[in-house]
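All remarks here apply to the structure that follows.
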Amino acid sequence: MVRIKRSTVVGIVAVALPIALIAVLAALFLPGSGQRLVTLFLINLIAVLGFGIYSGNSGIMSFGHVGFMALGAYASGLLTMNPVVQKTALPHLPEWLAGWGMSFPLALLVAILVVAVVAVVIGVPVARLGGSSASICTLGFLVIVHVVLVASADITRGSQTFFGVPRAVDIWVALPCALLAVAIARIYRDSNSGLKLRASREDEIASTAVGVNVRLHRFCAWVLGAMLAGAAGALFAHFLGAFSPKDFYFNLTFMLLAMLILGGISTVSGAVVGTATIMLIVEVLRKFEGGVDLGFLSLPTVFGLTDIGIGLAILIVMYRLQDGLMGVREIDEKLPFLRRLGGQAKAAEVPAAAAPDRDTSLKVDNVGRRFAGLVALENASFDIVPGRVTGLIGPNGAGKSTLINCVSGVVPASSGKVLIDGRDVVSMPTYTVPKAGLGRTFQNIRLFRNLTVLENVTVAASAVAAAGEDAEALALCYLAEVGLADFADRLAGTLSYGAQRRLEIARALALKPRYLLLDEPAAGMNPAETQELMQVLDSIRHKYKLGLLVVEHDLKLIMRLCDVVVVLNKGQQIAMGTPAEIQANPAVVEAYIGRKRSGKPATASQNEPSAAALQPHAAGGLA
Ligand code: ADP
Ligand code: MG
């Protein structure tokens with residue numbers, strides 16, 4: 001059951017109210033042509049929302065949704081057509097399709113169902129793909145639908161006009177449908193699935209690392225979006241009464257995508273503003289397209305003026321506002337008084353950590369990884385034990401990040417095993433690894449930049465939340481833990497560098513991990529930020545008693561924090577022991593000094609451990 005938040009309701013009302021007002025005023029006071037224009041706006045809006053549910057949330061441009069509109073139009077048209085008219089218009093119609101003469105509402109529902117079935121079938125392969133491969137697939141779908149419609153002359157009249165569809169749609173029919181579509185799109189956007197899909201749009205790898213099953217959510221959005229597009233198609237058909245396959249092809253796709261992009265692809269308010277703006281531009285330019293005589297000036301006929309106008313509008317808006325007119329946040333998320341109306345999430349109590357079970361350590365057993373010919377990692381073997389901090393050090397390129405990637409399943413190990421509770425990570429789908437108890441951060445910060453700070457953590461919290469648990473409230477708690485509770489409503493990308501690193505830690509903590517892997521958490525931080533981070537790490541190691549693995553070049557931090565240190569060099573694990581043992585280990589000192597002899601100055605990077613830093617008496621050394 002979808003729980004609808006108060007902020008979602010506020011968001012729906014904020015968008016639906018103006019639409020309803022304009023439509024009602026138009027219905028009461030505008031002449032027929034004005035009413036038709038508003039009706040068309042409402043239908044286009046449903047289609048744009050259908051595009052947006054998939055493309056806006058997943059970040060994958062779809063060219064295929066007009067194909068679903070076409071299916072919706074023809075399916076519903078066939079069902080509502082008067083049997084007598086049908087005999088003339090479609091004399092060769094197969095018997096099972098003929099003579100239904102359904103009412104429009106029923107035909108609308110059946111058409112949506114038909115479209116959903118097709119979307120499920122197409123969605124299985126499409127949801128496996130991301131980026132431009134998925135886009136090309138959707139384009140292929142559009143072309144196939146078009147060709148099939150043209151070729152199925154017995155059912156569709158081929159490329160000729162399909163006529164005889166009752167004109168059952170006016171402003172009073174389109175309005176409730178559009179309002180319902182607004183509500184559906186917004187509820188989906190704010191839902192668990194929508195939030196997770198938006199997270200994957202921002203960073204697919206990071207979303208998988210917090211337990212998001214990207215394919216599943218892409219699939220859900222694809223089918224839901226297709227159903228809205230199908231509904232828009234059916235409404236369109238019963239608004240026009242007659243149409244042909246070319247009405248549902250590239251021109252319409254271009255126009256609907258223009259609406260989506262101009263307004264802002266990722267918001268419902270963007271869809272509304274984009275649809276209205278493009279329709280206004282088209283209306284104005286259409287008047288000029290055929291040439292105008294202004295008395296003192298006569299403008300010639302300009303072929304394609306409206307398309308040029310739409311293109312120019314997109315260019316101008318995108319040049320100034322990359323995320324479209326409305327940006328990446330909904331109108332109610334931007335306006336303070338609407339935000340207050342929506343209410344604030346309240347922090348929950350984080351349940352106390354259970355006493356660590358030392359038998360359930362994470363085992364890294366002889367793990368290796370090759371990239372083509374390059375051996376990035378070989379024979380790493382150690383345990384990450386709950387309640388203990390393990391340091392992982394080594395020069396740049398030693399294979400530390402590769403090891404973390406292998407352990408978290410982001411990159412499969414080519415040899416050896418990573419065992420969590422006796423299960424090999426290689427055999428688990430990557431998105432299930434976090435649920436098995438493993439959280440991680442990335443060397444190069446990977447946040448969901450266009451989601452709020454709170455949403456970043458909520459994505460992770462909801463991956464492991466028990467039934468009835470409020471993921472958002474838990475997320476707030478973890479934010480407080482790293483000192484970011486006051487920034488909950490900010491977009492993650494606008495935080496300072498140190499705060500972004502801490503947010504990444506809060507996001508990983510929200511997975512309630514038993515093992516937490518931090519890849520250079522202090523990299524690029526100034527001393528004050530490093531100090532803050534130390535406090536955070538100290539507090540979470542004591543509070544949650546998790547098994548911590550920290551990769552760090554700041555040896556002072558490593559030596560202060562860690563119980564055990566593992567040293568990698570050129571992919572080989574060359575030492576493991578207590579900080580004191582590591583300092584005294586000749587192989588470790590040799591690895592660093594060896595680098596110095598090979599011509600590289602030990603001070604080449606301030607982030608790298610130097611041979612000098614390994615000497616106990618060195619300034620800022622290990623003591
Ligand atoms: P560290 O984190 O210790 O600095 P890495 O694990 O990032 O080192 O890299 C170890 C080696 O593996 C490096 O030589 C690096 O170039 C190589 N490597 C890491 N990731 C990839 C990849 N995806 N493709 C090819 N080579 C990689
Ligand atoms: Mg690294």
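Placement of Cβ uses the backbone N, Cα and C atoms for every residue, glycine included.
Heads up, TrEMBL stuff is auto-annotated, nobody curated it.
TrEMBL annotations:
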DOMAIN    362-595  domain 'ABC transporter'
REGION    599-623  region 'Disordered'
TRANSMEM  7-30  transmembrane segment
TRANSMEM  36-54  transmembrane segment
TRANSMEM  66-85  transmembrane segment
TRANSMEM  97-122  transmembrane segment
TRANSMEM  129-151  transmembrane segment
TRANSMEM  171-188  transmembrane segment
TRANSMEM  219-240  transmembrane segment
TRANSMEM  252-282  transmembrane segment
TRANSMEM  294-319  transmembrane segment
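Within its own chain, the transmembrane segment (294-319) has Cβ neighbours under 8 Å at 254-255, 258, 261-262, 277-278, 281-282, 284-286, 288, 325, counting only residues six or more beyond its boundaries. By the Cβ criterion (under 8 Å, sequence separation of 6 or more), the transmembrane segment (219-240) is in contact with the transmembrane segment (171-188), since 3+ such pairs are found. Beyond the transmembrane segment (97-122), the same-chain residues lying 6 or more positions past its ends with a Cβ under 8 Å from any Cβ of the stretch are 64, 68, 71-73, 75-76, 78-83, 86, 90, 141, 155, 166, 168-169, 173, 222-223, 226-227, 229-231, 233-235, 238. Listed as Cβ neighbours of the transmembrane segment (36-54) (distance under 8 Å, sequence separation of 6 or more from its ends, same chain) are residues 19, 22-23, 26-27, 30, 60, 62, 65-66, 68-69, 169-171, 174-175, 177-178, 181-182, 184-185, 188-189, 218, 221-222, 224-233, 235-236, 239, 255-257, 259-260, 263, 265-268, 270-272, 274-276, 279, 283.
Long-range contacts of the transmembrane segment (7-30) within the same chain, counting only residues at least 6 positions beyond its ends with a Cβ under 8 Å from a Cβ of the stretch, are 38, 42, 45, 171-172, 174-175, 178-179, 182-183, 186-187, 190, 268-269, 272, 330-333, 338-339, 341-343.
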